[in-house]
Amino acid sequence: MTQNISQTQNLTKFAWLSIAVAVLTIGLKAGAYLVTGSVSLLSDAMESVVNLVAAVIALISLMLAAKPASSRYTFGRSKAEYFSAAVEGAMIFGAAALIIFAAVTRLASPRPVEQLGIGLAISALAALINGAAGMYLIGVGRKKRSITLEADGKHLLTDLVTSAGVIFGLLLVMLTGWQILDPIIAIVVALNILWTGLSLLRSSLAGLMDVTLPDAENDAIIDVLHEYAQPGVIAFHGLQTRQAGRIRHINVDALVPGSWTVKQGHDLAMKVESSIQSKLDDTFIVIHVEPIEDQASYDDIPEGFIPLGDEEWF
């Protein structure tokens, strides 16, 4: 667990990258809006403000998750990352609503945009910065299994989509002179942002609700249990799994001969743990050893468990 805490602490440096990118792009996009008066660029700048607030929340959640376990938080605070992702998802919804409001207001009171060439150049630069940082953070988040960094990266890519929509809309305005396209494109981009926010909320809520590990990871665990099982001698049942931030939690009962010594049961549990950890890192495994001959060992299977694929395992 100490190693997991250290790895989580190392993730905070990536959150600082997100904050720096957000501050830089806010300055660029605010300047572009002041030059052009485009509602699309205003919406783009608002999205970057949301990015900044979300990045700060992500940093706080990572710092909280990095704190060691205590007598009050005996399993640590790794779930703090899910709250960050949920807040980011909600903020994306808020940004989309503000964009739609600004666009509808501009539709009701049209206003010509100015100096589009400068505005497009600034927006394109901000988009490139967001795209590069977003892809990098998503890659790190997936590699380190940090939902916070992955959510932060997706948020930056959402900003990239916003910028792309804005650039496309302003190019059409330049080519056609149709000023109404500016707010219409902003509304279309806002709808896309809403979808990203929904995806983030779904993933964070799944983690908070202790959804089981992905099928491929559960299958890897079951394969290990099959390797150690011996019909009538060693069996397993009651497998439960969940993800809490970066940590995989695994619970399973091991049924062994009642004549075994405590050391024999412990040795088996350690071997099973080691084999699982060789396939899945960052795991917290609890193996409950029970006598295979005792009927009570079969009466305590939890309601929610993962089938092991063969009747003899139960």
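Numbers run from 1 along the shown chain.
Cβ coordinates are placed from backbone N, Cα and C, and glycine is handled just like the others.
If you look up TrEMBL, you'll see 16-209 marked as domain 'Cation efflux protein transmembrane'.
The domain 'Cation efflux protein cytoplasmic' annotation in TrEMBL covers 213-291.
As annotated by TrEMBL, transmembrane segment applies to 14-36 (among others). Within the chain, the transmembrane segment (14-36) has long-range Cβ neighbours (under 8 A, six or more residues past its boundaries) at 42, 44-45, 48-49, 51-52, 55-56, 58-59, 62, 113-116, 118-119, 122-123, 125-126, 129-130, 133, 136-137, 140, 148-149, 152-153, 156, 159, 170.
Annotation source TrEMBL lists transmembrane segment at 48-70 (among others).
What TrEMBL lists as transmembrane segment is 82-104 (among others). Through the fold, the transmembrane segment (82-104) approaches residues 39-40, 42-43, 46-47, 50, 53-54, 57-58, 60-62, 147-148, 151-152, 155, 158, 162, 183-184, 186-187, 189-191, 193-194, 196-201, 203-205, 207-208, 245 of its own chain, all at least 6 residues removed from its boundaries and within a Cβ separation under 8 Å.
Residues annotated as transmembrane segment in TrEMBL: 116-139 (among others).
Annotation source TrEMBL lists transmembrane segment at 160-178 (among others).
What TrEMBL records for 184-201 (among others) is transmembrane segment.
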Hey, which bits of the same chain come close to the transmembrane segment (116-139), Cβ under 8 Å, at least six residues off its ends?
-> 14, 17-18, 21, 24-25, 28-29, 31-33, 35-36, 38, 41, 44, 48, 51, 149-150, 152-157, 159-160, 163-164, 166-167, 170-171, 173-174
